[in-house]
Amino acid sequence: MPSDSEEVCLQQSGTGVYENVVYSKETSDRAKRYAGDTNRKTIGRYSAAVQNLIPLRTTERNKNNGGSRIDDAGLFSFVTYSWVFPYLYQAVRGKLDRNQVWGCSFYDSCGLNMARLEVLWEDEKKANAKSPSLFKVIYRFISTRLWFSCAVFFFCLIFGFIGPTCFIRRLIAFAENPERDEQSRIVYSYGIALVAAISVVEFARVLSYGATWAVSYRTGIRVRGAVLALLYKNVLNSKDLCGKTESDVINIFANDGQRLFDAVTFAPLVLVGPLVLVGGIGYLLMVIGRWSLLGILVFFVFDVIQFGLGKSMVACRNLAIVKTEKRISMMAEIIKYIRIVKMNGWEQIFSAKIDQFRKEEKVQIRKSGYAQSLAIACGPVVPVVAAILTFVGVVLAGNDLLASDAFSAITVYFVMLFGIRMIPYGSRYLAEAVVAMRRIQEYLLLEQYAPYPVTNAEDVVLDCQGATYTYQPKAAKAPVDETKEPTENEVIVVETPVFTCSFDKLSIKRGEHIAVIGAVGCGKSAILKAISGHMFTTDDALSVDRSQTVYVPQKAWIFNGTVQDNILFGDKMNSERYYKAVNGCQLTEDLTTLSVGDRTEVGERGATLSGGQKARVALARAVFQTKNLYLFDDIFASLDKKVANKIHEEIIQKLLKKKALMMVTNNMELLHHFDRVLFVEGGNIVADGNHDILYEKNDAYKTFVDACETYQATSGATSPCGDGPAQPAPLDAEILRNSSEDLKGDADKLISDEEDMGNSTIAWRIYKQYIHAAGGWPIWTCLVIGFIVNVVSNIFSTYWLSRWLKKGHDETTTITNGTEFLEMKTSLADSPVTGFYAAVYLVALVVLTISGLFKACVFVKVSLTAATRLHDRMFQAVIHGATSFFDSTPTGRILNRFSKDMDEIDVKLPFTAEVFLQNMITCLGFLVVITSVFPYFLLFAIPLFVVFVVFVSCFRAGIRNLKRSEHISRSPLYDHVSASLEGITTIHTFQQSNRFLEVLKKHLDCNSGAIFMFQSAMRWLAVWLDLLVVVMTAIVALLTVMLTGTVSPADAGMAIAFAVQMSGIFQFAVRTQTELEAKMTSVERVSYYADNIPEDGEWNTRQGLDIESSWPANGQINFSEVNLRYRKSHPLALNDITFEIKGGEKVGIIGRTGSGKSSLANLIFRLYPVTNGTIYIDGVDIRTVGLVKLRRGISAIAQDPSLFSGTVRFNLDPSLEYSDSMIWEALEKCHLKTLVQSLDKKLEADVSHGGNNFSVGERQLFCLARALLMKSRIVILDEATASVDAGTDKLIQEVIKTVFADATVIIIAHRLDNVRNMDRIMHLKNGKLINFTTPQEMFKDDWSVYKLEDKDDDQHSAVVVGENSEHSMEKSSQGSSQESDDIVKVENEQKDSSDDVVHIESGDDDVKADSSEVKETSSDTDIEVVQ
């Protein structure tokens, strides 16, 4: 959220581009003027860029505020990146942390640029409503900067072309035929002038090249930030994502944003680079003549080859991206539902699915890699082949070839190579950018969450004269992209008929309370979603003020922050309203259990809160708002009856008494409290009126209500036994008693992997791990030899040409004419060794080609093998990791490894490594040749090398730290996006989209700043190393002049040609080495997960393999003195638990939140290791049983029914063990057969992400059917009916009683009606076993009332037990904070040390569970059953 120190300044300048730009208090007046000038499209919008053209600037406006210093850079600092130097200098002095990375410039911030891009996008949609183009919008967005970059780069090419064509050629000609004075002495001044000219043009080339990247980097950052921010804004404001998932959006942030950045930054090189071919062709025709057409033809042939390779790479990359999306989507589901995967022993099943996705992905990556490597391998071959064919043709045709012409031509060929190399670069980046833009455009075209018309009547808050809503948009029949393969979690076609929600006439007045009831799947929730604006309609006639409407979905959404943050939700604190919301939602006592109360951090998705606490926090958030209309979707589903009744009384009947309210409920007892009841069937409101009138006059309504009440009565629904969670809490409630600081301090060190900047140097073991993963040292040795042979053959071809030229021109013919001797040099064509040299020249060409193909193919195989093994090791470590790892590690952080890091290892790391090896070996070869030609060069090379070592060694740490900072800054960004999408409906209805967008901008700018700093630091190294090579080139040229006559022109020309080529290759080699090391951080991060995630346990132990296949046959469970402690610093979650459950016995477990109920179940599944003690199943210590055997022998039905994307069959039988008849039988027993038969594909029908195309009740029945198929002897239900209506609850209870009659059944209960018919009931308190007896013993007689109440701010749970009818009940004098009249006075409190029981005297014969409340003074004692 925006910090308190930020000053929000909204620019009010009409309907301009920047109406809602947020300025911090550090934002300069110059920046604000820039925004205004850009808004008005005046020349002033270029003022910021013009400032960088000032040669020298000394002001440092951003020195102390963390802003980017590029805004204050002068021209020299801008083009040489000297403004980065202070940061790199700090890196030399010690370890840097993330906070020292300079922030993003205001001019590059995503907020400012998103505003402009949004206007352009809206203009495009208006101009081309049917087919708007994001490509056109981005072009308009960057056109000025793009063409300016192209112009600068054009000058760079001109400078680079002038050097070899004008000055180097003349320098070599000077060496061949030096200018002499009258005394035949060489005149060096002309040669020195040529050296100076070469130095100047090379210096200008380097600076203009650096300027090109400086402009392009800022352009790329602006495009990436603007597009991602606009994407997030559109997604956050969309009605529905139309089948797209969180992982799809995160994948765009992780990969597509970077692809846009790469495409934009390389665009000037791709657009202008090929122009050098035109200049090269003209020069060669002028100098070499018509035979140069052979070389030109070679370039065009290779152009065609490169184009084919590029096209193939494009197609393969597109398919690879689709396959990657499928894998990431499945990984997101696995991580999200990891407990379900583990408890069912499905690790191998999902490993097989991921392995299959990975294989499909590798096929396309391999093809793309081959195309890319062959394109890279073609690069060095092209100028050599062109030169060989050109020179051989010239010589064999009888023409002479001078060294000056030959080596200037070779230099030009290598300059032309730049244009050739841009083709694979351009093809790759363009292909990926096109795919990225196409995918992003789909999100930008999502239908937006628009406001409804506001009703005119003052006393009416909602008015509808007839409307029909669906979950699918109007354009549901849009054409399908044939080239795009659907991801696993996409709902391609939902076979069920399109669900519609209709109501002819509906109005709600102020202060009117309306209940919505109906059977499971009838459309109750749909009505609330339609009113809140989250469904699609074609005939909307609904009028409601959405800004005055609050919607609370059944599944509570909690974001990572404090409890107070979640309740205030961006609003200012109002103590009175806040207290009423917290107190009315029964949160006061819960806050006292947290170490810092409502300032306690709740973790990702509220990880440290139970399900009931999450629901009440979400409700308090809504109650804190002062709105006119409240929409509650079964908010009491995850709460016990007592707590629900209290909240209903305090919140619904009192606090919201004068507000309009519509609430979905399954509690028939509450209907008489509502003014009206809506009865829903099949998506239609079939009855609307007062409960009593409908009950008397509407038979269907009466039948439904009677059925629900009968079920509740016959099942003995009384008081609850705890406010159990609606979803499985990642950490058991015992951990809740520890502060968020404890969680952070004691959490796995894997968390600090993201927080710590790590060591500044990549350890050698990381390289060894990569080498071993690739196949070991032998294969790498062969690969390096292939690179060396390829480079040597390349250099040898030029060396051999110099030998040929030298040999041919050194031969002489003596002519005798009397006493005169005339010595004449023969031409190269007349030399008798021409054939030999030409043949060797051609052999070098063959070796060069073969070695290039060899190293390209082998490198692709080696790098992909390494990536595959690293991925597989990490995946196996994650899926078999301990549950505690997932408790303490955010989902986005894990997905970051499988998406961004694996993309680096799959694609970018191999490319960088291949280029590094090629260029580094080439540079070493060039230096060897130069030194052999000019031994004096060593005198200069030594100090140059020292300068080089100082440059590289001093700043490698800073560059690597910047790369780590970029990695670290991604995780908060992804976590925020993921959390936002999970709570999108809440964000909409609470009008918080803008606030969450501001948080996104903050995270995105932080990430953009790190990316820009890293790229700028890399370019700093490149520029200064290029300048170092310019000095080296000048030295070689000077030696050529000074040693004229002692060194052959051919050798001198070869040395100069190699020195000039090094100007680009050397810095690229060093930069790619540093970039390679930076990209190795991805290998480091992946390897860290692979090696450091604690294991879940032995998958198959030796003892486990010897156990009979029928184990467990009886289902007997024994706990012997079992203790459980989640972390060393935490108290015992289970304390000395000993009990025995007989085979086939039905046991209910009750206790308050934090009592240890879920911990006990966790131990049976071995989700956590036992601290002390032993657990036996059928007499076998479960620690000796493999996890797969143990967990597949136990069935688990969780509270939150979730299905995986795929098919119905896969969700019922993922291991394909059962026949169709067995599956249909299970579906029939679970009352799902009719539903599945109605689907077009029956068992092969598609299931969407999370099973969202089925209702909650249907998903729960599917989970029950899955457990039924397994035929386990032990079944554990973690309150499987907590979130379903009474009808579904009844079905589930019937299935449990009939189908699992012979199995051992353990029910973790939050409703007493679900355990009162058990054989025995286990009562846990604070991790201790308080009581384990029959329901008859626990309840005694019918007149005994067992109450385990929820606690409010000064009241604790109690069990009122009447021994006779003569007890009395009095009103507590200390109950001033309670507005209920039914408060019992504790007259006598006595603690029984042996039974841990508090006795209460009450004095009323009819103590009702729903109305009595018990006060007690002990702060940590629950009132228990009196035996």
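Yeah, the Cβs are placed from backbone N, Cα and C, and that goes for glycine too.
In Swiss-Prot, the feature N-linked glycosylation site is assigned, of Asn817, Asn1253, Asn1331, to Asn817; the remaining candidates carry no such note in the record.
Different topological domain names are assigned in Swiss-Prot to Ser797 and Ser1221, which places them on opposite sides of the membrane. With DSSP classes pooled into helix, strand and coil, the tally for the topological domain 'Cytoplasmic' (312-375) is 60 helix, 0 strand, 4 coil. Counting residues of the topological domain 'Extracellular' (1044-1049) by DSSP class, helix then strand then coil, yields 1 helix, 2 strand, 3 coil. Along the topological domain 'Cytoplasmic' (421-770), the predicted structure has mean pLDDT 74.
With DSSP classes pooled into helix, strand and coil, the tally for the topological domain 'Cytoplasmic' (855-909) is 50 helix, 1 strand, 4 coil.
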